[in-house]
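Input: one structure, supplied below.
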Amino acid sequence: MKPLPSTNGKVNGNGKHHDSSLSSTSSTSSSSSSDTQFNISDRYGDFLHRLDTLDTWPKSNEQILLEPYTYLNNIPGKEIRSMMIDAFNHWLQIPRPALEIIKKIVGQLHTASLLMDDVEDDSDLRRGVPVTHKIYGIPQTINTANYVYFLAYQELSKLKPCLSSNASTDLWSLVNDELLQLHRGQGMDLYWRDSLTCPTEEEYLQMVNNKTGGLFRIAIKLMIALSPLTETPDYLPLVNLVGIIFQIRDDLLNLSSVYTKNKGFCEDLTEGKFSFPIVHSIRADSSNHQLMNILRQKPTDIGTKTFAVSYMKDQTKSLQYTREVLTCLEEQAIEEVTRLGGNPALESIFELMHVLPSPPATDQH
């Protein structure tokens, strides 16, 4: 029998069919393999000695990584911490270059913590614009926030030469201890929210002292460490008091109409957060479960939130109670400033922070 003809090959002298396409493929494969081996050898043969060329970080990459941070940092905030640093420098007399480094460190830590807070609270607005993770996504926002924490530590090394030769202060431990406190406070705040556990006022104040007071203490402790003065009074009780005033004030304003533009309408209720007025209201009448059930629902509608604010205002008088607590704490802070020798800049900050009577948030939003 004759071999069948093929359109793709020839019949050799032995009558066997020879597939030219297979021969061509084999030849191409061999050639390709040779080229690949040449390219790999050429590219990676001396790779060990070229590794240092990979150890570069282009400025363009840095800008990409920091874009979520830059987005929020470029939106004006309250700047209370920066103002506090300047005010305390009336007493501590830190040289301006070191003071600016401290401001930068505290600013980095503060903005990074806000990036994380907004993710953890699933917020919509921050400073009147969409929160960072709604634009850049949660993974990139978290990574950037963590990166900025380490940038702050990098800045910290610039303060080491500013310490006096006999100073034994460990700046890294100082900052680390306060960041631990900050995360402890934040952790309890999140636990109460997610487990629907209403803390006592005392537990709430302890949480705030850890969480909000942490960045204030970092600033003042760094300033004390770098102060040229041989002796300084104990400023930390005042610093802690200011942190608590700041947070309770923030809690009150969140339920006020003046806060709606920047943070949204009664956002603490939507987050299910146990703020100072909410804690008081729940504890004031434990037989009434309306407010707890509203927090459980994490309402987004204006009607439910307006009802909750009216309940706190009219039934448990919690807004008035919060205002009276703030007034009491502000008076103590002013007395402490006077005892420490007076400080016009701090007194101006207290005047700025004082909450005047304002209408609670209503459904006329």
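Glycine residues also receive a Cβ, built from the backbone N, Cα and C atoms like all the rest.
Keep in mind that this is a model prediction, so the values were computed, not measured.
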For the isopentenyl diphosphate site that Swiss-Prot assigns to LYS78, ARG81, HIS110, which of the candidates ARG96, ARG127 is also assigned?
ARG127
Who sits close to THR212 (dimethylallyl diphosphate binding site): which same-chain residues at least 6 apart have their Cβ under 8 Å from its Cβ?
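Result: GLY185, GLY243, ILE244, PHE246, GLN247.
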For ASP121 (Mg(2+) 2 binding site), what residues in its own chain, 6 or more apart in sequence, show a Cβ-Cβ distance under 8 Å?
GLU271, LYS273
Measuring Cα to Cα, how many angstrom lie between LYS78 (isopentenyl diphosphate binding site) and ARG126 (dimethylallyl diphosphate binding site)?
12
Determine, using Cα-Cα distances only, which of these recorded positions is closest to ASN254 (dimethylallyl diphosphate binding site): ARG81, ASP117, TYR149.
ASP117
Between the Cα atoms of LYS211 (dimethylallyl diphosphate binding site) and ARG127 (isopentenyl diphosphate binding site), what distance do you get, rounded to the nearest Å?
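With distance taken Cα to Cα, ARG127 (isopentenyl diphosphate binding site) is 20 Å from LYS211 (dimethylallyl diphosphate binding site).
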Could you list the residues of the same chain, at least six apart in sequence, whose Cβ is under 8 A from the Cβ of ARG81 (isopentenyl diphosphate binding site)?
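Long-range Cβ contacts: VAL106, GLY107, HIS110, LEU215, PHE216, ALA219.
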